[in-house]
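Structure first, commentary second.
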Amino acid sequence: MDLNLFEIFDVLGTVAFAISGALAAMNRRLDLFGIFIIAFVTAIGGGTLRDILIGNTPVIWMKNLEYIYIISFTTLLAIIFRNKINYLKKSLFLFDTIGLGVFTITGVETGIQNDLAPIISVALGAMTGTFGGVIRDILCNEIPVIFRKEIYATACLIGAYAYIVLYNIGLDQDLIYLITSLIVISIRLLVVKYKISLPSFYLNNSRNT
Amino acid sequence: MDLNLFEIFDVLGTVAFAISGALAAMNRRLDLFGIFIIAFVTAIGGGTLRDILIGNTPVIWMKNLEYIYIISFTTLLAIIFRNKINYLKKSLFLFDTIGLGVFTITGVETGIQNDLAPIISVALGAMTGTFGGVIRDILCNEIPVIFRKEIYATACLIGAYAYIVLYNIGLDQDLIYLITSLIVISIRLLVVKYKISLPSFYLNNSRNT
Amino acid sequence: MDLNLFEIFDVLGTVAFAISGALAAMNRRLDLFGIFIIAFVTAIGGGTLRDILIGNTPVIWMKNLEYIYIISFTTLLAIIFRNKINYLKKSLFLFDTIGLGVFTITGVETGIQNDLAPIISVALGAMTGTFGGVIRDILCNEIPVIFRKEIYATACLIGAYAYIVLYNIGLDQDLIYLITSLIVISIRLLVVKYKISLPSFYLNNSRNT
């Protein structure tokens, strides 16, 4: 295999999201099948939604089998080393952030390649980056975490917007990848470090959860 | 812009559903991003499902950017005037009902234009009208309200059926729009006023919720 | 109607899944509309997901109206005889298992016909067989049961794999149908009889549900 920068990032992102899904499933005490399914949908959910919405079917993981192999192998490792991984939360967090950055880029790029408007490409980027986690949370019967905690998706949106700007400037593609990823990753790291969060807006009569 | 009757209704419906989504999200204390996402999926969820099921991709809001602008602007206003809106519940209810009527029509029409059977067109109408609310409730981790309260979707189904009948009679399209919308709106208003509800059927051993 | 073995199985499966959906909805005290919707999505959810993922749109029940008629009629009967059905749990279980077997086969076959890789065809088979139940559980606001109990989906996966093997051997198609269905059904019956379940893997710090 002769991987370029983008493909390396893509693999890292898929791995990180698969681990995050497997951990969520084990945390909910699902069985072996449930763990694999949740790991799988977390890793490919965003890309699948993107492909369905723009009509790029059969969806990507049906055409590139690498995704299935990578996710299966990662999930197996996650199960075996499940209690070790808790000590690795920082590296997991980093992988997850890389995944967010990379998947945002693939989404934006798909939008551009399909001649969609910039705002739609940005939306596709954010969806590809975050939707896997949304499905994971729905399947685990929880309110999707991205709606409640930290500026996860906002990092995505800013990165996607930066991609569009840099693309229109005409920068070299590898450079765009690198800069955009770094933007998403930096924002997320800063946000978590300084506990920045988006405002909520309560209704006077809203219930306490 | 030179809007016809149908497009005016469509805008009103999108606005009403966006407000309903934003209110539901604020009621669940979601953050800024969550509010926008829920407003967005409530407003475009039904049309998106319709487009995906019949293979009309990229889905409509990717091709007509007006939806994104209208929803963003509406949600912003909903956040700013969030506590005022509670006094407007009656007008919100009316907007919501108009949205239901209009989106039902776009769904039925899509079915007819794609040469699908009348019963499928009716189903598409009901889906387009109601699915946004279903996704809103799933994302907010609640049993979709249309499965539990009042004859919301039934109004939809009757209106959709009326559309098919009037269409086959060969009535003028603007007139069909008007009559069908009035049917959906009247049924819903009457149903809520007289607290009519569909029967539930309990199992002897069913649990109390 | 001149039904072949496969079509008879398909009808039985649709019927069983519709009943299972209707029972789940009545158990959650949903209204008449909710019962029909849940019955419908349970019966056609798997096939719909399959068709969307591979881009086979409009999805199958929009083209073959038989599905709608069968599901409507079955749901009506399920409501009327709702308290009798509880005594029929064994035959329901059998129908459900037949449905699982048949829908697995239609999924695998769709994959093969679309020239997808064997592993993808197996995944499509499992999805077609199980996804209706997953949507049913999500709409009823529960963690999908297949992630938690017995080797439901595993029976599916093994059957789907057997189908691929037998197909490559070049066996007669009717025979493949029969053998594959029997494999899925036998595994499920044995698993339930002997209370075999897939292992769960708990995290040290995982919460008790």
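Any Cβ shown, glycine's included, is placed from N, Cα and C.
A TrEMBL annotation is a machine prediction, not a hand-curated record.
What TrEMBL says about this one:
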type: DOMAIN; residues: B:8-82; note: domain 'Glycine transporter'
type: DOMAIN; residues: B:94-167; note: domain 'Glycine transporter'
type: TRANSMEM; residues: B:6-25; note: transmembrane segment
type: TRANSMEM; residues: B:32-53; note: transmembrane segment
type: TRANSMEM; residues: B:65-81; note: transmembrane segment
type: TRANSMEM; residues: B:93-112; note: transmembrane segment
type: TRANSMEM; residues: B:118-139; note: transmembrane segment
type: TRANSMEM; residues: B:151-169; note: transmembrane segment
type: TRANSMEM; residues: B:175-192; note: transmembrane segment
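Among residues of the same chain six or more beyond the transmembrane segment (B:65-81), those with a C-beta under 8 A of the stretch's C-beta atoms are 11, 14-15, 18-19, 21-23, 26, 32, 35-36, 39-40, 43-44. Here the transmembrane segment (B:32-53) has long-range neighbours at 14, 17-22, 24-26, 59-61, 67-68, 71-72, 74-75, 78-79, 103, 106-107, 110, 124, 127-136, 139-140, meaning same-chain residues at least 6 beyond its ends whose C-beta is under 8 angstroms from one of its own. Here the domain 'Glycine transporter' (B:94-167) is broken down by DSSP into helix, strand and coil counts: 61 helix, 0 strand, 13 coil.
DSSP states for the domain 'Glycine transporter' (B:8-82), grouped as helix (H, G, I), strand (E, B) and coil, give 63 helix, 1 strand, 11 coil.
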